[in-house]
Amino acid sequence: MLRSLLISLSQNNTMRGIMERSAPGRKLSSRFVAGLTVEDALRVTRDLNAQGFAVTADALGESVRSEAEALAAADIYHRLLDGITTARLNANVSLKLTGVGMDVSPELAERTTGDIVAHAAHEGNFVRIDMEGTPYTEATIALTERLAQQYPGSVGTVLQAYLFRTADDTARLLQQGIRIRLCKGAYKEAGDVAFPAKSDVDANYVKLMQTMLPSGVFCGIATHDPAMVEATERFAAENNIPRSAFEFQMLYGVKRELQRELVRKGYGVRIYLPFGTDWYPYFMRRLAERPANVLFLLRNLVSN
Ligand code: FDA
């Protein structure tokens, strides 16, 4: 019940306005969000790099409604890419198509994303196009394919283990050498497109991981689930898959001990680092994933 409440609150604009403007709101979010500006993201990236983590930085923002907003969001990515190059950081970027204009028009999103990928390719860097809800799945994959043809190796996307279609999409992208981040999936989806039971999602996650690891295409295993991590470590060891063939990816602030342990073991670990003023929906989805976080954060707020 708390999970559904948190998901509906994540879409509530009044709460969003109050939280984003208030100092306690910003303080609460700092566990999962790097800060408000590109400079904040670069500073935290430098710290994470020093601890042995790679980073993918995400300028928070979803469902922008005007061309001006989409261009402003794209500009943040251009500054971020320049900052990463100048400071020689071990980081790439992640973006959401709705954050760079998809709901204004698919053509606008293609233009803004294409410019960001061209910039990344010029810097020898990489853009990950995050996956959103199913209304966007096909468009996201198709756009990634078009950009990957123009800028091979500089763009990839995300597939979600909860969707029935993902086994086919995995084959489709691997065949073209396009990098995949595998995650379980964070959106509310209907039973005719997605596995409703966690056990089925987990079983599919393992099956997809076992397809991706030996494919020769570098892939991101994005999960905090110790069972998924263990299954990946075991499968890689049993099949002599080198550590250079994949990396683990986890969200900033989530399962930090597991993140450190994997670095100690010598695995590549990339931290997904969100930043920006539009942090509220992202933050609320993280609370919904683990409602115990609400208590943890409230306790922190009171005790500091
Ligand atoms: P699961 O939900 O089973 O959690 C396993 C354990 O991890 C929990 O028991 C808990 O201990 C811990 N945990 C999980 N979430 C936590 C939290 N918020 N706080 C504290 N502990 C937590 N989704 C999507 O639809 N599109 C995308 O593009 C991405 N991108 C992405 C990038 C990266 C790097 C990651 C790690 C995840 C995503 N996701 C995503 C989100 C993903 O789909 C999923 O919702 C979350 O990762 C939670 O699933 P887990 O695999 O962690 O397992």
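Just so you know, glycine gets a Cβ as well, placed from its N, Cα and C.
Of the residues GLN160, GLN249, GLN259, TrEMBL puts just one in the FAD site with MET131, LYS184, GLY185, ALA186, LYS198, THR223, HIS224: GLN160.
The Cβ centroid of LYS96, ARG285, ARG286 marks the substrate site; residues of that chain outside this set whose Cβ lies within 8 Å of it are SER10, GLU62, ALA186, PRO274, PRO281, TYR282, PHE283, MET284, given in sequence order.
By the rule that a residue counts when its Cβ sits under 6 Å from some atom of ligand 1, the binding-site residues LYS96, GLY185, ARG285 yield GLY185. In the three-state DSSP scheme, ARG286 (substrate binding site) is classed as helix. Considering other CB atoms within 10 Å as the measure, the emptiest surroundings among the binding-site residues LYS96, LYS184, LYS198, ARG285, ARG286 are those of LYS198. In terms of Cα distance, the binding-site residues that sit within 10 Å of ARG286 (substrate binding site) are ALA186, chosen from LYS184, ALA186, LYS198, THR223. Cα-Cα distances to LYS96 (substrate binding site) place MET131 within 10 Å, out of the binding-site residues MET131, LYS184, GLY185, ALA186, HIS224.
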